[in-house]
Amino acid sequence: MTEPSDFTRHPIMANGYEQPFSITVPPEDLELLRKKLEVVTFPDEIEHADWDYGVPLAHMKRLVAHWKDGFDWRKAEGKINAFPQFTRDIDVDGFGTLNIHYVHQRSAVENAIPLLFIHGWPGHFMEARKIIPLLTASSPDQPSFHVIAPSLPGFGFSEAPKQKGFALTQYAEVAHKLMLALGYPEYVVQGGDWGYTISRKLTFMYGGKSVKAWHSNFAPVLFPSFWSNPFLFLAALVTPWTPAERAGLEHTKLFGENEMGYIKLQSTRPQTLGYALADSPVALLAWIYEKLMRWTDEYPWEDDEVLTWVSLYWFSRAGPAASVRIYCETMRAGELKSLTANRSSVPLGFSFFPKENFVVPKLWTRALGNVIYESEHERGGHFAAHERPEDLVSDVRQMFAKDGPAHGIVPGKSGYA
Amino acid sequence: MAQDAEQPFKLNVPDADLELLRKKLDLVRLPDELDEAGRDYGVPLADMRRLVARWKDGFDWRKAEAEINVFPQFTRDIEVDGFGSLNIHYIHQKSSVENAVPLLFVHGWPGHFMEAQKIIPLLTTQSSDHPSFHVVALSLPNFGFSEACKKKGFALEQYAEVGNKLMLALGYTEFVVQGGDWGRYIGQRLAYAYGNKSVKAWHTNYPRANPPTLRSNPLSYITSIVTPTTAFERAGIERGKWFQKYGRGYFEEQSTRPQTLGYSLADSPVGLLAWIYEKLVEWTDEYPWEDDEVLTWVSIYWFSRAGPAASVRIYCERVRAEYHDWWSPIPLGISFFPKELGAVPGTWVRTIGNVVQKSVHEHGGHFASHERPEDLAGDLRKMFAKGGPAFGVVSGKSGYA
């Protein structure tokens, strides 16, 4: 058999210029999905399993039935295309040129703060859909932002790297070069999940000069290390935990015990897993839906919402298998240890959501770096931008407000008219 | 449908199931691959393309099915305490030697009853030079053509109970056990729960063990400290480290979220193929897999009675159950193969059981009965031979004419 794989790299039309972009999934791709959904084979299920072994069968049957008959991708596509999207080529040292897709929504406020929003896995650029209108809105009472939400390489509608070894340095390089290409030599960053990790890398690589401040809602921190942060280490030893912190640690422990199989798999054998994710919409749906449900705080997912989310993976430019490589490449590059061990001096704002995957005492998070803003919430989980957009935006606004700790940190872009 | 007596069984996958598989293969969508990926990220794309093409056009399931049906197969109901009745499928190949030693072969994951196909003729054959065996190779519940168990908590105790009750139902009041992978753990449970009652001796090719402690195994503990490791052992330990670092992703997923994974395995033949083929290659010692051999192996999972998703639950149920150190005084034989996964120093294996025989081999990996059938059969023959350490353990069934 000499057919190419279904995700052959298309020759790049290197143009150096920004191209406007709309998602238009080819009809034959929709047809293939429909055909596959028609021959779905479900497994059985242990009696009274509920979520004990993974996604319940009843959920899957309901979602698949709706995906087959009812879910309107073109309608969902139309709504996504309401956001101004573009593509442009970015050169990555040692990896050639990658065509990068992004939303670029400017505020009416000329001197709005340029904010780069970085998604994670199984997230995507549309995680920003609810916060974009809020962040870009103009008001004399709060700062406004120009928002750039890219698809990371290998995700959404960005190209995937071809060579081995594309890790944090490269993801950060792409993000930074995109901001420069858009005319934002100085900017701030917001991210959770891999967005946190890449943001942190950005602060080490371009902090102070370009990356002026950053905000995160996720931090896989551990107990402060005596070697890197002796003061915090001692403080953490003696400071009693609040009930909320204790509950958070218990939640974190359960997460570590039950929910991390996917990490071990994706960071060692992403290609083997990739065959299932590329071939079976049901496999992909289960794989992602599990996270959407387990990592959120009783968020009332609607079926169309879930299917739109998963379809973005199914119809992604590089295919869903490419998206899980980030785990493997990053672990193998060995960048994570130094990332956590070193302290970043770039001002950091942090939002605590109770159902995040890792919920640790505030004291531990201060080991991350120059924490200038903290906020605690009663509701919300891992996908904060999607679950609690007002909360997240409120935090970011407070951080950069006229009386906020990061006001005016980007010279000439105060966020106010 | 309660089935009181044994029923003969012939594998005959319905045409509709073959048709559905063909439809799915026609719609296959493969991922891309990183340049020069090799095996570094999982199964290489070229392997998958080739295997899928063969599966679609060329692989003859009916021929493979006929070759499986050469082995005499049966089903019968086995009652499992607290879980109701399960219909169990098995090969039962008797030797022409009347007093052959009854042997239960227990497979693991991603193994199956046909892992015994090469050793069955070797074990059952008659000779004055070595003992013969009556071989029973079952499909574990949730695997092959046995029924699935739909209740929570079906763990090692239950798998062992099924094995024991099956042998008793076949008229083997005393028998011996051979197993690797899960077969080793089920064998260990069989030896513990029924040792010196029905189970008289056991053998394993998966000598994964905990280190001896001063309190529980003082002699082994001291021996392990003073005995230097051999080159064979050191290579095995290195391989073990590789496996811990790179090879355990499947284990973590299967032992926490088997149902989520199960949707992939049930719906996508390509997903299932990759999932299993990766192990067939990584866990063996450069075994020259032929495409049809791989496809037959994976098809047994694809066409299994309970479906492939059920097979991975054993990991989850085992990890959630309480851990016990099931040590039995009945004779235990161990075969060491260089590319096995859980290699430990030889001084540790007495923590598994009462080791009476150790055999070290130059070649072979995890699927010993398939890769090195002569070696494995040879070890069993030695163990139960006249003058061997387990000769005559089964009353009246010496293995000789």
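Quick reminder: no glycine exception, Cβ is built from N, Cα and C everywhere.
TrEMBL labels come from automatic prediction, so no person has curated them.
Worth saying up front: this structure is predicted, and the values here are computed from it rather than measured.
Taken from TrEMBL, the feature active site, nucleophile covers A:Asp193. In the shown protein chains, 25 other C-beta atoms lie within 10 A of the C-beta of A:Asp193 (active site, nucleophile). According to DSSP, A:Asp193 (active site, nucleophile) is assigned to coil rather than to any helix or strand.
In three-state terms derived from DSSP, A:Tyr327 (active site, proton donor) belongs to a helical segment. Cβ-based neighbour count (10 Å, all protein chains) for A:Tyr327 (active site, proton donor) stands at 20. Annotation comment: TrEMBL describes A:Tyr327 as active site, proton donor.
The active site, proton acceptor annotation in TrEMBL covers A:His382. Here the Cβ of A:His382 (active site, proton acceptor) has 25 other Cβ atoms within 10 Å, regardless of which shown protein chain they belong to.
Taken from TrEMBL, the feature domain 'Epoxide hydrolase N-terminal' applies to A:19-127.
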**Request:** Sort A:His382 (active site, proton acceptor) into helix, strand or coil using the DSSP assignment.
**Result:** coil
**Message:** Measuring Cα to Cα, how many Å separate A:His382 (active site, proton acceptor) from A:Tyr327 (active site, proton donor)?
**Reply:** 18
**Request:** Could you round the CA separation between A:Asp193 (active site, nucleophile) and A:Tyr327 (active site, proton donor) to a whole angstrom and send it over?
**Result:** 11
